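Copied over from TrEMBL, here are the features:
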- H115, R116, K131, K138, K139, E140: substrate binding site (BINDING)
Amino acid sequence: MYIHEYRGMAADRGQDIITLTTDKLSADSVSQSVTCPSCGAVSLFIGTTRDNFEGKKVIQLEYEAYGPMAESELRKICCKIRTKWPSVRHINIQHRLGVVPVTEASVIIGISSPHRSDSLEAVKYCINTLKATVPIWKKEIYESGEPCWKENKECLWADAGKDPKQS
């Protein structure tokens, strides 16, 4: 089991929680961690393993990360969110590593703010930026037993035909 968690206070404005873990993720836990009396909005994004990709049956995903660099990039995302949406109170980003079966969460992002527009926009920005900049690699395992490393199409280091872990 691998668990790495970062908890930081953002200049007395709120808490940033970043977790990379092999444990199952909990949407309830993320939601509770960002809920606070001054906020009327808690927005969540839950990315789950689906059972298909381009006509192939997917049986599970496997994620790998370079932990220190992934955490550093996630902290940068939190800072950018707080600059773009100063009303954001709490941010919780959890990403699962290792095997993630079909229907289980790979990533959960929770963000609270006084009003819904800021938390909704911040969650969208967070997942899109995470996929583009954070060194977390995904391998799809198909029913045939064949594995395939996948790049996020948003990934800044994406290069057709290149192993995404070799960038």
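From the backbone N, Cα and C atoms, a Cβ is placed for every residue, glycine too.
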Q | Lowest local Cβ density (other Cβ within 10 Å) among binding-site residues: R116, K131, K138, K139 | A | R116
Q) Among the binding-site residues H115, E140, whose Cβ has the fewest other Cβ atoms within 10 Å? A) H115
(Q) For the substrate binding site, please report the maximum Cα-Cα distance among H115, R116, K131, K138, K139, E140 in Å. (A) 37
